[in-house]
């Protein structure tokens, strides 16, 4: 209060009414709550082999996996790492871990050994489920009594086969009492700054997030039991895990799983299985809009195309509409720490609303958002850009073993600060303007500058370094480095030094040699200055 006048707080809610959410249920109980209605309908389909499991089979195997995990000694609250590409077994183990009262941390199988070890150790993983091809990356972890299970037909020496889980006796699963605030998923995110951190998502949080999308008389994201949902985005990413797999399980829709994206294969599967919903990301949109082969396939079954993970330009939106004239197209918006969905396009609702091109939707139900002035911290009215914050039951519990970063992200009033600059127009639609946060988005994947900077300055010929995003037509953004040399070193040597230690999307694309890295008096890198230099090049 200043001068006796109370400041107005501008809060925004969904156009849809709040709903009752069964947030007392564990995640698996919630997702399978209506399984009797869909028991014999297709639930999981492997696009490569046509292997199909119905809902009753998936629910049963989830209980078998829970029993198998218990038999292997995994206790309630302990961690399983899924180091897998998209596959049916991913869903089995994720849901089975929920039944066991365990926690799943997901990791990109293309990570280098050091990246996997760092996450597995930070998360406290006791069991890793993976492919035989990736086992050699886990030698260090196996020497520390981490059990490795492979889903391949012939497990490597020292590993167990997935059948120890999927063929266990489901009646032998010990009963566990799961509290709504217990953690069920532990994806890793770089947050608004710094190194990757474990995001604690609870049963209550994920149940709330799924409900905000697909529950209610007028679901914001209308999935039904006749739908076939394309699952081409990686399940180790929370967007696909939540808005595809979990939402489909809850709604009784079939999930068609592709291990990796290939445009021709994708179009063949859309035609063969009459895919109705296609969640994608901007790089896939780019492939679709630039390829002439789309017209050779019948894609008329597609009724929804939803894009997330990174902003999409109006030109790409328009080009996509030309290729899929019968589909409703729109964007959502989220971040891992928000569970991940903050906003969803109301064009996807059962009773849809008109939406504007370029909008990433309106805030989900049962939540509030506000826009804060990035200088003063005051909440802003419509049509003024500032940092978007969200408060609701779906947001993370916090970062694991990192109270400092948690406090910097979720304030005392429960608001999650996203680090994204956006505005809300008069129709409550959200538009992304910029990012306050430092994270680089390469094809939707997160790249933390601090992680690459730590690698760079570890080189004896590099005195100082800073990493910032540079715009790129296909990837959206790529990491580029500004480097201060302490002795002679070439751009190529620096690129190779980093590439040996990181996954493909973290590779440095350009190196600019400078005399000094601009920093604030407190020593913080002035990334805006470096981005301005790039813009001027």
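Keep in mind that glycine also has a Cβ here, set from the backbone N, Cα and C atoms.
Sequence annotations record features per position, and here Swiss-Prot assigns ATP binding site to 189, 190, 191, 192, 193, 197, 331, 332, 336, 420, 435, 524. Proximity of residue 332 ((E)-4-coumaroyl-AMP binding site) to non-local residues of its own chain (separation of 6 or more, Cβ distance below 8 Å) is seen for 243, 306, 307, 308, 341, 343, 344, 345, 360, 361, given in sequence order.
Residues annotated as (E)-4-coumaroyl-AMP binding site in Swiss-Prot, with similarity to another entry given as evidence: 239, 243, 309, 331, 332, 336, 344, 437, 441. For residue 336 (ATP binding site), the same-chain residues lying six or more positions away in sequence with a CB closer than 8 A to its CB are 187, 189, 199, 238, 396.
Around residue 260 (CoA binding site), a 10 Å sphere centred on its CB holds 11 further CB atoms from the protein chains shown. Taken from Swiss-Prot, the feature CoA binding site covers 260, 443, 444, and the record attributes it to similarity to another entry.
Annotation source Swiss-Prot lists region 'SBD1' at 262-331.
The region 'SBD2' annotation in Swiss-Prot covers 332-399. Counting residues of the region 'SBD2' (332-399) by DSSP class, helix then strand then coil, yields 6 helix, 22 strand, 40 coil.
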Roughly how many Å separate the Cα of residue 331 (ATP binding site) from that of residue 444 (CoA binding site), to the nearest whole number? 13
For the region 'SBD1' (262-331), the averaged pLDDT of the predicted model is 87
Top of the binding-site residues 189, 331 by count of other CB atoms within 10 A is 331
Give me the CA-CA distance between residue 443 (CoA binding site) and residue 239 ((E)-4-coumaroyl-AMP binding site), in Å, as a whole number. 13
Quick check: in three-state DSSP terms, what is residue 443 (CoA binding site)? coil
Between residue 444 (CoA binding site) and residue 239 ((E)-4-coumaroyl-AMP binding site), the C-alpha gap once rounded to whole angstrom: 10
